[in-house]
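Marked as compositional bias 'Basic and acidic residues' by TrEMBL: 1-24. Look at TrEMBL and you will find 27-43 tagged as compositional bias 'Low complexity'. Among the features that TrEMBL reports, region 'Disordered' is placed at 1-44. Annotation source TrEMBL lists transmembrane segment at 54-73, 85-103, 124-145, 151-172, 179-196, 208-232, 244-264, 276-298, 305-325.
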Amino acid sequence: MEYRRVKDQESFDALSQKDIESPGERSLSSTSATSSVSNAGASKGKSSWKLKSIVTLALTLLTSSQAILIVWSKRAGKYEYSVTTANFSVEALKCLLSLIALYRTWNSQGVTEDNRLSTSFDEVSLYPIPAILYMVKNLLQYYIFAYVDAPAYQILKNLNIISTGVLYRIILKKRLSEIQWSAFILLCAGCTTAQLNPSSDHVLQTPIQGWLMAIVMALLSGFAGVYTEAIIKKRPSRNINVQNFWLYIFGMLFNLVAICVQDFDAIMNKGFFHGYSFITVLMILNHALSGIAVSMVMKYADNIVKVYSTSVAMLLTAVVSVFLFGFHLSLAFFLGSTVVSVSVYLHSVGKLQPQK
């Protein structure tokens, strides 16, 4: 009996000691779990920020060289190649790059519901609208240089800042603060000021055709960009390369129609790649990589980032032109650069905070 009481007392003491220690152990375990989640979240946030920075920087560098390559591809003031075939080649190359990236994903992760090419009609039926809008806008990008020079084009291109902001509010139902709207106006003013010609009394000496084409391009670019962002973010888990593939497939189809309508006889007589030069190939490669970068920005950032990348690219083009073409940095350029920098800062700090 004495042995049993001693044994029972030992069991009671052990149980009591376990009860005393358990809260501390559970607290320590809970703290460790919370710390692990926090570290994982911080690591993921840092990785996301790094990805956004890379794609935005890439888009800025690629955009800054687009206008130069387009003008440079001309010979005696005209395109010796078919712009419709160039546009088709851009879409085909983007489609190929998407498939290569997708193939690498399949090898590393396997085929899943989010990265398989097969899709539903409801999903794929959304892509023709932005595809045809991008086709028209990209073709106009070649023809507008018949009426404007590169500096005037850079100024007119900033019209899409306003169209993007308005459509961003209408289509995506996202409110923009008064500070952000002010930032849009400042950005337009800054970009325009940076391109002012001090030797001229006029900001632009552009015929009405150039203005109309610029306005149409701004509306097409704004609507297509915001609409594409809405499609891509409608299913965030969907692999970006699958979404790109279907967008570029429809882009190829629409550009093929444009080839048949506009340049069918010339292509049949002279060949698909007639008039192509090394600069033309560089231009096509630039446009293809720019399209991939834009889709990455829309996936991991937003369309406003694309707009700002385009605007900063204008200033970067001017800086590079100092070394390549002897461009003169005027007071207007420095003032415009300052205003653009302030507008970017105002947009970043002026976002509406969600109500709690």
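The backbone N, Cα and C atoms fix where each Cβ goes, glycine too.
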Beyond the flanks of the transmembrane segment (244-264) by at least 6 residues, Cβ under 8 Å: 82, 84-85, 87-88, 91-92, 94-95, 98-99, 102, 117, 119, 123-124, 127-128, 130-132, 134-135, 139, 228, 291-292, 295
Which of 124-145, 151-172, 179-196, 208-232 contacts the transmembrane segment (85-103) most, counting Cβ pairs under 8 Å: 124-145
Ranked first among 54-73, 124-145, 151-172, 208-232 for CB pairs under 8 angstroms with the transmembrane segment (179-196): 151-172
